[in-house]
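Colleague: Here's a structure for you.
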């Protein structure tokens with residue numbers, strides 16, 4: 001009996017926590033799909049195109065390989 005009560009309280013708590021921490025409970029998936037569709041129609045609106053990268057001759061990071069073109073060799077983009 002105690003275990004059943006604990007389980008019911010836990011489920012109610014987790015359900016309330018899920019709704020309380022949701023970003024936008026009203027039409028959340030609709031807004032997500034709408035934004036994705038807009039980015040497909042207008043590729044320049046995509047966040048992926050706003051990638052920060054280094055041009056040739058600039059200092060770079062060997063771990064991230066953050067050169068726009070070429071490779072990061074001896075901390076300089078080639």
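Sequential numbering from 1, following the chain as shown.
Here the Cβ of each residue, glycine as well, is placed from N, Cα and C on the backbone.
So Swiss-Prot lists these for the protein:
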DISULFID  53-68  disulfide bond
DISULFID  60-72  disulfide bond
DISULFID  67-77  disulfide bond
SIGNAL    1-22  signal peptide
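I'm curious about the neighbourhood of these features; can you describe it?
Modeller: Secondary structure from DSSP puts residue 53 (disulfide bond) in coil. All chains included, 13 other C-beta atoms sit within 10 angstroms of the C-beta of residue 53 (disulfide bond).
The Cβ neighbour count for residue 72 (disulfide bond), using a 10 Å radius over every protein chain in view, is 19.
Mapped onto three states, the DSSP output places residue 67 (disulfide bond) in strand.
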Colleague: Would you say which of the disulfide-bonded residues 60, 67, 77 has the most Cβ atoms within 10 Å of its own Cβ?
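Modeller: Of the disulfide-bonded residues 60, 67, 77, the highest Cβ count within 10 Å belongs to 60.
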Colleague: In sequence order, which residues at least six apart in the same chain have a CB under 8 Å from the CB of residue 68 (disulfide bond)?
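Modeller: Within the chain, residue 68 (disulfide bond) has Cβ neighbours under 8 Å at 53, 54, 55, 56, 77.
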